[in-house]
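Features reported for this protein in TrEMBL:
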- 15-114: domain 'Cadherin' (DOMAIN)
- 139-224: domain 'Cadherin' (DOMAIN)
- 225-332: domain 'Cadherin' (DOMAIN)
- 333-437: domain 'Cadherin' (DOMAIN)
- 438-555: domain 'Cadherin' (DOMAIN)
- 577-672: domain 'Cadherin' (DOMAIN)
- 683-706: transmembrane segment (TRANSMEM)
Amino acid sequence: EGAAWALGGGQVRYSVPEEAKGGTVVGRLAQDLGLEAGEAEARRLRLVAQGRRASVEVSGASGALVVSSRLDREELCGKSAPCALRLEVLLERPLRVFHVEVEVTDINDNAPLFPAATKNLSIPELITMPGSRFPLEGASDADIGANAQLSYTLSPSEHFALDLQRSEEHLESLFLVLTKGLDRESLAEHRLVLTATDGGRPALTGTVELLVSVLDANDNAPQFNQSVYKVRLPEDSVEGTLVAHVGATDPDEGINHEFSFSVVSLVPAAKRDVFSIDPMSGEIRLRDTLDFEEVRFYELQIEAQDKGTPPLSGHCKVVLEVLDVNDNAPEVWVTSLSVPVPEDASVGTVVALLSVSDRDSGANGRVRCAVWPPAPFGLVATFAGSYSLVLREALDRERVSEYEVEVRAEDGGAPPLRASRGLRVPVSDVNDNAPAFAQAVYTVLARENNAAGAELARLWARDPDEAGNGRVSYSVAEGGAGAGSGSGAGWRPASSYVSVDAESGRLWALRPLDYEELQVLQFEVRAVDAGEPPLCGNATVQLFVVDENDNAPALLPPASASASAPGSLWAWAAWGAPAGQVVAKIRAVDADSGYNAWLRYELWEPRGKGPFRVGLYSGEVSTARALEEADGPRQRLLIVVRDHGEPSRSATATLSVSLVEGAEAALSAAAAAAGGGAAATNVWLVVAICAVSSLLFLLAVVLYGASRWAPRAAVLAGPGPATLVCASEVGSWSYSQRQSRSLCVADGAGKSDLMVFSPNCPPPPGLSSLRMKSIPIDVSCNYIFFLKEAHWPVWCSLNESARWSLCIWDHWQGFAGFRSVIAGKGV
């Protein structure tokens, strides 16, 4: 089992020997990270691969780091020491990253190895002096440390010994040293065994057989100008670059003076093909490229061998140091990406984990990272070469639904090299937008008597969220119509009149609408999305019912309803009455509104030049000429009342006018006034006509003076059709579909509200403020005033000459009082 070296700063270090069996526990990772039992599996503790096989894995059940495949230190790291596997471990909920370093320790599993099993050497006899040195190529050991510390031994020989030299660059040079002169005639060939032993426990060995042939004669070997040549080349040197120019001399003459150069050994041996040497000139040139990140030092053993018999050779060493250049761009890897990112993610949320590396060294390998665009994401360095892409600003999916993020890396070389990695970061929706109607208030006009199921309007609310968060359903939230909305009593909810389609927002009528029952229906429509939690928006709908002419005029009963049959009226006229004398007034109302309720009166029978005529809009029946006895004792008049609707509707009234003497007419009128609960306007006109002129004049003067001093209301009106106006007790006004009129009660009127209805004629052309002294009105109109507090109907009628007016009101079916205004221009 491996051992944990340290735990701190977010990094855990373990060590494990190479060649450990599969399943060997390297370290109890979950425990060392402070996780509880079972938490490692619940939070998906796992390794993040970074390109090469890690040979270790995290056990899901125990959270231990175990060996998963063969660990060969030499395969993983070569001669590098220490050999460390740098791993990243992810832990979710919340997302955290830990850095784990596993050092693979070396074991002595590789024996020293020589380049060849046999090494042939040729040494001339006699002329080779004791102390002569012959370079040997040493053994190599793939292990490191003490396991690679080699010692050499030579099989016993009286002629040869070994000499091992170490240079400042920690490079070893092995020589075979001649300790005693050779005699070919005594022994022409020497067989020696060179053994290399490493420093492992137990030690391993490797051998090579040295076959030394003793040659004759050539007693001067070539000598190099330098024993060591040191060269420095940048790694971007091209093929053919001159590495070094070695030179040697040989004092012999003739063929023994001629020599050639060759490379007899190279460290590392695998790079033999990188260099070439001209055998004649001694120029060493590159045949392949150099790579500082792969090999930083080369050592070449150069031999100069003459052509004598036997040939003699001299040796030198060329040490090449490779200089780093900025030839490797940074590399950016995405080790983890958590997308999509919810738009309500908090600032600091980790979106991705990145690893950045550069194979160069020094400033060339120092990498700076940045993210583009700089908002809303940023980079946070978590460890050497590791970064977290975190959220810097709040997101809004409705503004930007997806980000294309580029992580840019730049090293410190000159010129710098750059690399980038693109990330696509989609933003997921959350329900953060309530549905919003295009209008806060919708005004809808609907004709009465519409068909049930008719579409009234289409409402639409926009929700910029997507999917269920943006799917809107509609419903009628609240609202309705009370007793004040129409003639019906009680309150009815809006859902009894209309319905809204939940998906399309279409507003439907559940039943036919009746203007006389309902003029205005105000309610709220609610739009609710399907998010969690759901959000809603409201809009107010004001449904105005447009009146249609569906009600015929209705005749009002006379003062004594029991005196005549429905539709039959009676009146008295005195023989000799002058033209223009009002004998009766036809009263009718229409439940409709506007022009549909504006009535006109026509004398249907008798046609032609009869003794009577009817006011077109007033309904007053007056004499067309002076009455004569020839007109008979009774006249039967057929009067048609029509409204102005399209098509118009009508009602018919029959008026019987009895022609009597003047005294009888006055008595009949008085009897009718005494017997009727609410005297009609025409009766009071008869009474006024029969009164004494002086008494009438005196009474008018008194009433005019009283009206000048008494507090009174000013009526505000504008031109238009017949109008019904209702004033609330607090002074605010509710307007129906009829043209609105404002009534202001004068000081002293208490809290009484006033209702004005003038269905028979247009309203006065213009009314002044509360302090107006008079109100111009149409002389052919009758106005009805209702004092709401007492519910007393007040009738006002004007004569055709517009010289005076008479107003009366009913109270408990008895006469209460009247007001008359002289001058005929105000009420």
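Keep in mind that glycine also has a Cβ here, set from the backbone N, Cα and C atoms.
Stretch with the most C-beta contacts under 8 angstroms to the domain 'Cadherin' (577-672), considering only 15-114, 139-224, 333-437, 438-555: 438-555. Highest Cβ contact count with the domain 'Cadherin' (139-224) among the listed stretches 15-114, 333-437, 438-555 falls to 15-114 (criterion: pairs under 8 Å).
This prediction places the mean pLDDT of the domain 'Cadherin' (333-437) at 93. Summarised by DSSP class, the composition of the domain 'Cadherin' (139-224) is 4 helix, 41 strand, 41 coil. Helix, strand and coil residue tallies for the domain 'Cadherin' (577-672), in that order: 18 helix, 41 strand, 37 coil [DSSP].
When DSSP labels each residue, the domain 'Cadherin' (15-114) comes out as 13 helix, 34 strand, 53 coil, counted as helix, strand and coil in that order. Secondary structure of the domain 'Cadherin' (225-332) per DSSP, as helix, strand and coil residue counts: 9 helix, 52 strand, 47 coil.
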